[in-house]
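Q: Taken from Swiss-Prot, the feature heme b b562 binding site applies to HIS83, HIS182, supported by similarity to another entry. Residues or ranges marked as heme b b566 binding site in Swiss-Prot (evidence: similarity to another entry): HIS97, HIS196. Taken from Swiss-Prot, the feature ubiquinone binding site applies to HIS201. Marked as transmembrane segment by Swiss-Prot: 33-53, 77-98, 113-133, 178-198, 226-246, 288-308, 320-340, 347-367.
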Amino acid sequence: MTNLRKTHPLMKIVNSSFIDLPAPSNISSWWNFGSLLGLCLIIQILTGLFLAMHYTSDTMTAFSSVTHICRDVNYGWLIRYLHANGASMFFICLFLHVGRGLYYGSYMYLETWNIGVLLLFAVMATAFMGYVLPWGQMSFWGATVITNLLSAIPYIGSDLVEWIWGGFSVDKATLTRFFAFHFILPFIIAALAGVHLLFLHETGSNNPSGLSSDADKIPFHPYYTIKDILGVLLLILTLTSLVLFSPDLLGDPDNYTPANPLNTPPHIKPEWYFLFAYAILRSIPNKLGGVLALVLSILILAVVPFLHTSKQRSMMFRPFSQCLFWILVADLLTLTWIGGQPVEHPFIIIGQLASILYFLLILVIMPITSLFENNLLKW
């Protein structure tokens, strides 16, 4: 009798995705982040579900309901901080996952890559709306500032902003709809992740060398299931350490003050994972220009496959491109630092230079360097 896992309509989907999947024999730990992102999504959906049981999306009671969760609900503090810091872990894994894709040329799988870019946008939108829900000072002013950016769109801008707000300012209607969207989006993300995997399994995984691994495949289970479990344990260790020892490390103290439309915080800034994009937004002294740069800073990822000029897929054997890749990483870290600083000298000029370098590296310097490397190898 044929094995049930290979014949049962549901089991064979799981089997062909996680058990008998032919995988390259040489993929490194940089390939662990897909499964870790799946785990992060599951953690966020579960903790979010339990938070939603006690949360009220009303301007009068939202802040109090979060306080109630932390003080009165059994292990409510744990659920709340797992959810808040789980978002940070989610973004760390996301950035490393995208970085891996850029380094090893995984973006050559166009459909997989573009759905990944779409997923990145969806996760960022979800995180932004989630940050508004506790209705603290930074929640309110963050929502006001970011939604206001849409008013830069010519002709329809101001109408669009009022339509999103559901009134003439960020208020009850805004909070209620943000809660609704924040609840539904993770399930859309889960569906998109399924499509992401579907397209990935059409081609099979890339590997560090960037060469075809068709001649040398190993089954996913037990080799990569065990390897993934190690990643999972490290992720859980990091997350629980963060939650139990310093849960507010990555948060903003301003968000422990209830939202007050009459009092603006001295420095409005988003969570750490948006700071690089926020720095790019602020570095352009024009509203529409800043908004365009903000969107393009992520959307530029969709253009990367078309800028691939090298004859090799991976950067593994391309030392000049490697140097530029790490300069790009350093540049993004610089932008993250600048995004959290006040708008004053010398931070303004550093932010502007880092923003210019970011776009120059991806659009101009890296493609030209790849051509130069081809030339060196007489290709």
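Note that Cβ sites are derived from N, Cα and C of the backbone, with glycine treated the same way.
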Q: Just going by other Cβ atoms within 10 Å, which of the binding-site residues HIS182, HIS196, HIS201 has the emptiest spot?
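A: Counting other Cβ atoms within 10 Å of each of the binding-site residues HIS182, HIS196, HIS201, the minimum falls on HIS201.
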Q: Find the member of 33-53, 226-246, 320-340 that has more C-beta pairs under 8 Å to the transmembrane segment (178-198) than any other listed stretch.
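A: If we count Cβ pairs closer than 8 Å to the transmembrane segment (178-198), 33-53 scores highest.
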Q: Is the number of Cβ-Cβ pairs under 8 Å between the transmembrane segment (33-53) and the transmembrane segment (320-340) three or more, considering only pairs separated by 6 or more positions?
A: no
Q: Using a Cβ distance cut-off of under 8 Å, indicate which of 77-98, 226-246, 347-367 has the most pairs with the transmembrane segment (288-308).
A: 347-367
Q: Pop the Cα-Cα gap between HIS83 (heme b b562 binding site) and HIS196 (heme b b566 binding site) into the table, whole Å please.
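A: HIS196 (heme b b566 binding site) and HIS83 (heme b b562 binding site) have their Cα atoms 24 Å apart.
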Q: May I ask for the distance between the residue listed as 'ubiquinone binding site' and HIS97 (heme b b566 binding site), taken between their Cα atoms and rounded to an integer number of Å?
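A: Their Cα atoms are separated by 17 Å.
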Q: Which residues of the same chain, at least 6 past either end of the transmembrane segment (77-98), have a Cβ under 8 Å from a Cβ in it?
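A: Those are 30, 33-34, 36-37, 40-41, 43-44, 47-48, 50-51, 66, 69-71, 116, 120, 123, 127, 130, 235, 238-239, 242-243, 247, 250-251, 271-273, 301, in sequence order.
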Q: State the residues, same chain only, that lie 6 or more residues beyond the ends of the transmembrane segment (226-246) and have a CB under 8 A from a CB inside it; answer 'none' if no residue qualifies.
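A: Hits for the transmembrane segment (226-246): 29, 32-33, 35-36, 39-40, 43, 78, 81-82, 85-86, 88-89, 93.
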